[in-house]
Amino acid sequence: MQAPTAPSTYNEKMLANYVPVYVMLPLGVISNDNVFEDQPKMEKQLKELRAAGVDGVMVDVWWGIVESKGPKQYDWSAYRSLFALVQECGLKLQAIMSFHRCGGNVGDEVTIPLPQWVLDIGETDPDIFYTNRKGNRNKEYLTIGVDNQPLFHGRTAVQLYSDNMKSFRQHMSDFIEAGLIIDIEVGIGPAGELRYPSYTGTQGWVFPGIGEFQCYDKYLEAEFKEAATGAGHPEWGLPDNAGEYNDTPGSTEFFGLNGTYMTEKGKFFLTWYSNKLLNHGDEILDEANRAFLGCKLKLAAKVAGIHWWYKSPSHAAELTSGYYNLKDRDGYRPIARMLSRHYAIFNFTCLEMRDSEQRADAKCGPQELVQQVLSGGWREEVEVAGENALSRYDSNGYNQMLLNARPNGISREGLPKQIMYGVTYLRLSDELLKDKNFKIFKTFVKKMHTDQDYCADLGMYNHQIGPLERSKPKLVMEDLLEATKPMEPFPWGEETDMKVDDFDGVLANLIRKLFSLFK
């Protein structure tokens with residue numbers, strides 16, 4: 001067999017820098033009563049995306065819709081109609097297994113609760129839901145504490161998710177075999193993200209509150225008690241000095257100067273809290289790997305961009321979310337290492353944000369956070385993808401996304417050392433498709449594609465997808481702890497070399513060039 005030839009022509013070299021662009025479909029594209037409404041409008045919009053060079057779309061496949069009638073009573077018919085339309089329009093598909101409630105998070109325009117029969121179990125046992133110190137329940141996602149508790153008509157929470165994914169594979173096998181579905185993003189927490197629901201509008205949180213720990217249900221309390229006793233500290237309890245949703249770090253004993261988070265007791269709790277999250281993601285991705293074993297697709301998992309208080313010593317908002325990330329401890333590289341075991345893509349948010357756009361008092365660091373997380377993913381040799389956190393229609397937002405997709409620019413000799421596997425734009429709307437907005441968006445897609453035309457052949461830009469292999473052996477705790485050692489992030493350019501200019505920007509550039517001619 002001959003070795004693969006290096007890219008030779010200019011276009012081939014540019015294609016090695018190609019980052020595919022996907023667009024997130026509206027949250028309620030399939031209605032609460034499991035109907036694909038307004039198909040003609042969706043068809044028109046999908047064709048517009050395809051004509052703009054977009055590679056594919058991403059869609060939430062809501063547990064609360066497909067298994068709403070009762071345990072194991074799955075109805076995939078509306079999603080099959082949607083998938084057939086996406087296929088007909090020549091787009092690829094990223095499917096999110098959404099095991100959370102829609103509603104209560106930033107940008108949630110519709111409400112899709114968990115299946116009613118699950119909520120009914122919560123009526124008699126409210127501890128199946130995440131709980132804060134005051135005892136307030138969050139019905140957005142089942143607590144990690146019930147992952148292995150057979151409370152759901154004899155099934156555990158992990159079995160609920162596993163059975164759902166197995167049924168999806170069975171009913172969507174034709175779309176998978178046809179190469180339509182290229183990614184399965186596994187929902188592993190609120191908003192589909194691997195985190196605790198530490199900040200949620202339904203409980204009164206507003207930006208930039210530090211949020212609250214969510215481990216006071218009876219199942220997690222019992223687990224913590226057992227862990228503390230096993231460590232020789234039966235007297236240790238869960239934190240009672242970490243403040244409330246809208247506090248600042250300095251107003252609490254836990255996160256303040258020389259706070260509890262720096263003590264032996266605080267470190268023990270934070271290690272336990274973050275490890276529970278890591279194990280939760282690991283276990284469910286293991287089930288996803290079993291469900292889709294042998295399919296030609298990629299698994300993916302999403303991590304939230306908690307950028308507020310990133311520049312304060314305690315990183316309070318990250319800690320309450322379950323990311324044990326400090327100046328001397330990397331909270332994200334262990335997640336990347338866990339994902340590498342399942343050959344899963346690390347999907348990160350807030351790609352569009354710049355520090356200068358944020359409130360000074362919130363000590364935000366979205367740029368440094370993205371740099372840290374993406375660098376950690378590349379160091380662990382996982383494929384890194386991402387999306388914007390809030391809808392943006394301006395060149396500044398797009399240029400920041402372009403910079404993060406190729407932080408050191410394009411390589412004229414083929415594949416760059418650092419390049420994102422894909423970018424998903426959030427989200428398809430009438431606003432996006434307005435003339436001026438869509439014109440800038442089309443330029444953004446073209447720049448992600450390094451000014452090349454849309455490429456249907458995934459192999460041309462190193463995205464060949466083989467059959468999903470079985471997950472590697474489970475990592476031992478020492479391996480995960482080793483990944484917490486902080487490392488210098490990779491260098492980042494000041495700005496992208498594939499810039500989007502809106503009309504005003506183009507005009508300004510033209511004037512600058514004219515002036516330079518007469519200097």
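In case you wondered, yes, glycine gets a Cβ from its N, Cα and C as well.
Sequence-distant contacts (6 or more apart, same chain, Cβ under 8 Å) of Asn388 (substrate binding site) comprise Thr349, Cys350, Leu351, Glu352, Gly397, Met401, Tyr425, Leu426. According to TrEMBL, the feature substrate binding site maps to Asp60, His100, Asp108, Lys302, His307, Thr349, Asn388, Ala389, Arg427.
Marked as active site, proton donor by TrEMBL: Glu193. Residue environment of Glu193 (active site, proton donor) contains 25 other Cβ atoms, counted within 10 Å of its Cβ in all protein chains.
TrEMBL lists Glu387 with the feature active site, proton acceptor. The Cβ of Glu387 (active site, proton acceptor) has 23 other Cβ atoms within 10 Å, all protein chains considered.
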For this session: Using a 10 Å cut-off, grab the number of neighbouring Cβ atoms around the Cβ of Asp60 (substrate binding site), all chains included.
Result: 23
Seminar exercise, completed: For Asp60 (substrate binding site) and Glu193 (active site, proton donor), the CA-to-CA distance in whole Å is 13
Seminar exercise, completed: Note: among binding-site residues His307, Arg427, least Cβ-dense neighbourhood at 10 Å is Arg427
